[in-house]
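Copied over from Swiss-Prot:
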BINDING   C334, C394, C397  [4Fe-4S] cluster binding site
Amino acid sequence: SIFDKLWERHVITGQEGQPQLMYVDQHYIHEVTSPQAFQGLRDAGRKVRRPDLTFGTFDHNVPTVNIYDIRDVISKAQIDKLSENVKDFGIEHAAHGSELQGIVHMVGPETGKTQPGKFIVCGDSHTATHGAFGAIAFGIGTSEVEHVFATQTIWQVKPKKMLVKFTGVPPKGVYSKDFILALIARYGVAAGVGHVVEYAGDAIEHLTMEERMTICNMSIEFGSKMGIMNPDQKTYDYVQGRPGAPKDFEAAVADWKTLVSDPDAVYDKVIEIDVSQLAPMVTWGTNPSMGVEFGAAFPEIRDMNDERAYNYMDLSPGKKAEDIDLGYIFIGSCTNARLSDLQLAAKFVAGKHIAPNLTAIVVPGSRPVKRVAEKMGLDKIFMDAGFEWRDPGCSMCLGMNPDKVPDGVHCASTSNRNFEDRQGFGAKTHLCSPAMAAAAAIAGRFVDIRQLPEVQ
């Protein structure tokens, strides 16, 4: 498989089945999981071994209204510390407020540093996003961040391999976010544990790079640290011309073309999903597997987890997504804040206005995305419809910055996690596609977007 080929290229020492020392081609860092790692280097009198293979950005704590108005003491300390650390250790970075700044899993691909064949790590669980390019990419802990800083290597046990084949043509109103939410709803949040998940099939091949990133992004919610896809012409076209793209691009592509799974590749587990049978997805509970197709009733209580989820969400079995009274809409996050996500959402709000008593925010995932979106007039479409148009950052995906959902309020969110208190204390999160979130903003509740003229 592609994973085997990449793994073999990066092993320095060690036996399969045991921890093996792996070479890291690209290390992304942000302000939350790096301070202690940098301090460890200082205490040991070490340098960052390959600052040229390290890239930093500011995202988790960044306010999206006034990015410099950081009132939380810990948030400010983390941002100030990363500014100091990247300077002291000579690390390239998208400075706070700079023209490149944004969510780490968007900035990496946008700069062209994420490429097929690379072994990529970052102190963030959604690092699997970069696997959409045909790279091994996964999240690591702070002590591992320090190890990579010091050695440009990491100890890792080779995981088992799972193949998830998405086949067929999706119905109108069904998007890549629905593919991954449907997979997780069917098989659970632990199905991928101990495996790298390779996503393949004609339905994946027909997706754009941005749509593919959405699927790989949520591998961790499926239980897998790593998601990967075979690179193809769309991948090469995306990377070409970006600042970090290989200088001898033709030679790089010739190599990348060898980095695909062979027809006879063997997997430990295979799952097939016919996307023509899928529907728009909405989560009802407190983990991403607690989701249903729009129109389906929420399930009966099967265990204590379900009971707790229903109590927290103030919902009950038999209810449907359209019964939820929404108070907030969040379009953003490293899952769905790319240009195509914003274009899709804008289609559903153009010339309309959000429902009364509703707060709706759009947070582009990076400064470049925001810039292009504004050139296209997307900001005006959203603001005319009553949305707030924000600066880039992780924003309302997690309660680490000023963007929080109030206690007890239901939020339609294009992010990746619906845990208790994830978007703020007592916040009730419903994961969905940008199209579902945008349409819900207008109606004040979830609607069947398949019936709307925007999808025809």
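Note that Cβ sites are derived from N, Cα and C of the backbone, with glycine treated the same way.
In sequence order, D59, H60, V62, I103, S333, C334, M400, N401 constitute the residues six or more apart from C394 ([4Fe-4S] cluster binding site) in its chain with CB-CB distances below 8 Å.
Counting only same-chain residues six or more apart in sequence, the Cβ atoms lying under 8 angstroms from the Cβ of C397 ([4Fe-4S] cluster binding site) belong to F330, G332, S333, C334, T335, S413, S415, N416, R417, R422, Q423. Note on C334 ([4Fe-4S] cluster binding site): other Cβ atoms within 10 Å of its Cβ, all shown chains, come to 27.
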